[in-house]
Amino acid sequence: MNPSTHVSSNGPTTPPHGPHTTFLPPTSPAPSTSSVAAATLCSPQRQAVSRYSGWSTEYTQWHSDLTTELLWHAHPRQVPMDEALAAAAAASYQVNPQHPANRYRHYEFQTLSLGTSEVDELLNCCAEETTCGGTQSTVLTNATNTTSCGGAVAGSSNVGPAGASAACDLDAELAGLETSAADFEQLRRLCAPLAIDTRCNLCAIISICLKQDCDQSWLLEYSLLCFKCSYAPRAALSTLIIMSEFTHLLQQHFSDLRIDDLFRHHVLTVFDFHLHFFINRCFEKQVGDAVDNENVTLNHLAVVRAMVMGEDTVPYNKPRRHPQQKQKNNPYHVEVPQELIDNFLEHSSPSRDRFVQLLFYMWAGTGVMSTTPLTELTHTKFARLDALSTASEREDARMMIEEEEDEEGGEKGGDDPGRHNGGGTSGGFSESTLKKNVGPIYLCPVPAFFTKNQTSTVCLLCELMACSYYDNVVLRELYRRVVSYCQNNVKMVDRIQLVLADLLRECTSPLGAAHEDVARCGLEAPTSPGGDSDYHGLSGVDGALARPDPVFCHVLRQAGVTGIYKHFFCDPQCAGNIRVTNEAVLFGRLHPHHVQEVKLAICHDNYYISRLPRRVWLCITLFKAFQITKRTYKGKVHLADFMRDFTQLLESCDIKLVDPTYVIDKYV
């Protein structure tokens, strides 16, 4: 028996150490609402028998209020400008739209929601930075511009009176600087969890819950969520599902806990979930040296923070190699808990749940779905986001009035951090404009939206891997058909184009020119031709049952040939997701009579190991950061050092990709 857990036939009798019990340093500051949460957890609501199997559309629905609120918190924001600054920026845009200070505004004019007035578009876009060091909604290229980050627009020129006037427009420059300062302050508060010496707020909440979890039922379900997280792709949809299901578990077992207040007070942010479930993996059993593990987390947090803040350089430090490390076995070889996985698969069946509707809802009206109108879904989402913004502004106003009344009554704010953060439920965030045309980009492992050469930092095929068991099987069949299309030495891009044409012809009911109905489809994965819902048969070698449905074909059209090529053969982030994703575990629905048994086995084994070590994910994140950061002399030196080590790392992990030195400058 694992010494860190004590499990009897009736369930775990003591909270296990390691992945579930958090030992907090006495000097760490407590979250501002932790004492309130502890007080309200005194009467947990218990369920007789829970059938929670994880990763289910029952808990994460696209039309739920919780989903919209989580998406609202994951959108980047921009401080609105006053009329004088907006007029100065507008004048600069009219004089020379091709000036680097205005080329990002030009893109956002094309991608803003339908029905938005020209003035609103200007207010949403006029404060973009002139370089890639600005806010993270900045898009690198538009439909006619594929220049690299920080470069001039193709075909543009600042020669002549118009160019000189735009280059010397001090009002526009001051407008950008003042707005950037406010944006920077918001981003700084948002990135508070991305510090190595800041306590994990999720661990603090889990510690409070464990004290109130008398029969350990919540612990078993949380363990199952962690187990499934180890076999999920790192994508925006995965982060949203984890946030939603974690919130659902808290609300189900502790009905008095107002989890929504934790988000509104910014005690919890989207980056708390990135840190806990993906970057540091607080539930994972510690392997190796503790200080080395801490440094991996430190470096990963620094890279993510740099991307969110839009810094011009990548915080890369060449790792030091000790002589004794060269004689060790491959440090990137991971032993998966095969016995535990076999036990899970024996007592589960693939679910027909599908998150495609949620995927469309997330990215409707954004650059990710640039060729897909989805007008009805876009209007629905934007209206809900606007309603949340209005409610947040009203709550902020109410809180400010209460604070003023308290101060007039002699109650001073003291060292209350909420007052210094702008007060109110949103920490001053509601005073800014939600960048709805960018989408919930903070959910992504690369929290910045860029496009380049018909690719973007949001890979739709990686998102599709988090949608359903069926989509993973069809993606695997697509890859098999591409690599085995013919015996001739045909380039992969040509193979993809030919296979894609065949797939679209084979589609059971092809979509027409209108794409509106696609958002209403895909709630469940299609059944086999005989009506059988057992999806183990989909993985047959002939692929007869793994036929794409119209929704799958629609996503392939949106990704395009280049996006498919990048996903299968070029991008290390996509390769990592393909390596770690196990759709049979992720979408496995436990049989009713074995739910408790399997949960006890997962909690007892205490084994939550990903197939790729955290150091590999750190290097993958560094690669993505170098892709979207402009090239300086110092950056080029760092990039050359990094690429040498990164190529060796891919070989050690047996990951075969197109030359990374080509990919890093070609795609994003």
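Glycine residues also receive a Cβ, built from the backbone N, Cα and C atoms like all the rest.
What you see is a predicted model, and the numbers here were worked out from it, not measured in a lab.
DSSP assigns HIS276 (Zn(2+) 1 binding site) to a helix. In sequence order, CYS200, LEU202, CYS203, CYS282, PHE283 are the residues of the chain that are 6 or more apart from HIS276 (Zn(2+) 1 binding site) and have a CB within less than 8 Å of its CB. Under the heading Zn(2+) 1 binding site, Swiss-Prot lists CYS200, CYS203, HIS276, CYS282, citing sequence analysis as support.
Annotated Zn(2+) 2 binding site per Swiss-Prot: CYS459, CYS462, HIS567, CYS574, in sequence order. CYS574 (Zn(2+) 2 binding site) falls within a helix when secondary structure is assigned with DSSP.
Residues or ranges marked as compositional bias 'Polar residues' in Swiss-Prot: 1-10.
What Swiss-Prot records for 19-35 is compositional bias 'Low complexity'.
Swiss-Prot lists 410-419 with the feature compositional bias 'Basic and acidic residues'.
If you look up Swiss-Prot, you'll see 1-35 (among others) marked as region 'Disordered'.
Residues or ranges marked as region 'Zinc finger 1' by Swiss-Prot on the basis of sequence analysis: 200-282. Helix, strand and coil counts from DSSP across the region 'Zinc finger 1' (200-282) read 59 helix, 0 strand, 24 coil.
Taken from Swiss-Prot, the feature region 'Disordered' applies to 401-430 (among others).
Here Swiss-Prot flags 459-574 as region 'Zinc finger 2'.
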**Request:** Could you check the binding-site residues CYS200, CYS462, CYS574 and say which one's CB has the fewest neighbouring CB atoms inside 10 Å?
**Result:** CYS200
**Prompt:** Among the binding-site residues CYS203, CYS282, CYS459, which residue has the largest number of other Cβ atoms within 10 Å of its own Cβ?
**Reply:** CYS459
